[in-house]
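Now, the feature entries from TrEMBL:
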type	residues	note
DOMAIN	1-170	domain 'TLC'
TRANSMEM	72-92	transmembrane segment
TRANSMEM	112-131	transmembrane segment
TRANSMEM	143-162	transmembrane segment
Amino acid sequence: SLWNSSELLGDIQDGYCVSGHLLVCFSSGYFIHDSLDIIMNRQSRSSWEYLVHHAMAISAFVSLLVTGRFLVAAMLLLLVEVSNIFLTARMLLKMSDVPSAALYELNKYVNLVMYVAFRLAPQAYLTWYFLRHVEARGQGAFLTGNLLLLDAMILMYFSRLLRSDFFPSSSHKGAAGRGVDGEKFLID
């Protein structure tokens, strides 16, 4: 959507395109489905952070779908999903019975670059934009608060990722191997 309608980047508050609208609708459906899947499979206790994240995303996306504002901001935030490819590969490599050390090492560095490029950078830009240009009441205040909470979560996840992959001696012992019984890799 952003590639085909790059002019939207100049109007984060009121820019609109049909493909972006459909992207946000589809993503909202995904977050709702994933939340229900976590709850129905009794993973709420081990995946509560995902549920909080999903609730924040759903509420923000529904607010912008109803008002028709900040669609471009949602499209920029959905860039984080690019880095999920490498986070998921990381988790699968950790869970596999025959881990490839070389593949894990390569993914570790690619994952770091993708995390910075597709999570930290868009999040930092949007936080700066909202704090500087968006009204501090109504939907703007709600979305700014949402962004600040997401900032905290993303930085927390980033510190966990760095500790686990780049400073393993300071990681919590016993965290490795979690996930084999279905728990999510939130600590490791």
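Yeah, the Cβs are placed from backbone N, Cα and C, and that goes for glycine too.
Taking Cβ pairs closer than 8 Å, the transmembrane segment (72-92) reaches residues 1-2, 8-9, 11-13, 15, 20, 23-24, 27, 60-61, 64, 104, 107-108, 110-111, 114-115, 117-119, 122-123, 125-126, 129-130, 143, 150, 154, 165, 179, 185 in its own chain, all 6 or more past its ends. On the 0 to 100 pLDDT scale, the domain 'TLC' (1-170) averages 92 in the predicted structure.
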